[in-house]
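Working notes, beginning with the structure itself.
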Amino acid sequence: MFIVDVLWKLFPLYTFGSETDSLSESILQIVPEEMASSTTKILCDAGESDLCRDDSAAFLLKFVAIASILLAGAAGVAIPLVGRNRRFLQTEGNLFVAAKAFAAGVILATGFVHMLAGGTEALSNPCLPDYPWSKFPFPGFFAMIAALVTLLVDFMGTQYYERKQESSSSNQAASEASGREETSVVPVVDRVNENKVFGEEDGGGIHIVGIRAHAAHHRHSHSNGHGTCDGHAQGHSHGHGHVHGISDVENGARHVVVSQILELGIVSHSIIIGLSLGVSQSPCTIRPLIAALSFHQFFEGFALGGCISQAQFRNKSATIMACFFALTTPVGIGIGTAVASSFNSHSPGALVTEGILDSLSAGILVYMALVDLIAADFLSKRMSCNVRLQVVSYVMLFLGAGLMSALAIWA
């Protein structure tokens, strides 16, 4: 077939005449082009290269990958949830802020270096037709669309939960006011309730604990001088209780929305990377992926667990979210293993699907890392008032981004 294609392209030159040198140059130009085209077609039809293919060894390595990634993800997401009741890992502690900065760097590098680069590689693959994939920068476009949609969902979700919390708080305040008219003992009980730490109340619906408990915790933090540089907030909460209440409603809603959107972004690309590992039959590809994905899942889980802890979900909801995250990549590996025998990773459909999903995941992760993780902590009053925390957090941020970027050499 290769010889026929070459002769077909040389036929017009021979028929209509040309100089010998020109004909020789044409032959030298056409033959390499046809050889490259034929090689590309063979690779596109064959799928993965057979240079390091070993189905039995790859199958065993996939079991190792499932166990390693499952344990790493579960440990990462569990540490902040278990540690929220321990002083050294509470979400208000400096150690947690520094560790979260490292995890934010890992997520940012995952979006830019791994997911966006993977989407670009897939959508620029020579197995795809030139039109439309080579005529427009689709990876960046899909990433931009995903970031803008995430912004919209972030805004709408925050507004929704704020209204829900304000409504719940208003109803609770009304019931307390009517109760105070009946007896003078109720205010004493109310003050006792307000001293509870955020998350101890049972009410609050939609997996959000009572706003009054959050407000009490917020005022307690301010009374000790936290959140200000000069500690002038002592005794300040009574004069600005209403303002603080509004701020607490906004902060509580933000934490809830951030945790849910972050889980959506992480889960979407965890399935993708799990499928990519599962369909591979090459031990040379799987071995470095095991270490890279275990590292990646641990710190992504830590960031997600920290957001879930700050959102103060009930234990049941927090456990469900944590398990859902920990299981996504292993499930993706299992699905990929099941279809590996009939899957051609170089088919146009597989490349387009992989490229679009990688690009969308990149947009979500970059938005969440920059806006809801990095900006939320690094532009806070707490960070600006603590020079040591600033230095440590920036070092951890760049270290996390650098290490995750370096893993692109092997995976």
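For all residues, glycine too, the Cβ spot is worked out from N, Cα and C.
Curation plays no part in TrEMBL annotations; they are all automatic predictions.
If you look up TrEMBL, you'll see 59-83, 95-116, 136-155, 318-340, 360-379, 391-410 marked as transmembrane segment. If you look up TrEMBL, you'll see 165-184, 219-246 marked as region 'Disordered'. Marked as compositional bias 'Low complexity' by TrEMBL: 167-177, 224-234.
Highest Cβ contact count with the transmembrane segment (95-116) among the listed stretches 59-83, 318-340, 360-379 falls to 360-379 (criterion: pairs under 8 Å). The transmembrane segment (136-155) makes no contact with the transmembrane segment (391-410): fewer than 3 of their CB pairs lie within 8 A, with pairs spaced 6 or more apart in sequence. Counting residues per DSSP class in helix, strand and coil order gives 11 helix, 0 strand, 0 coil for the compositional bias 'Low complexity' (167-177).
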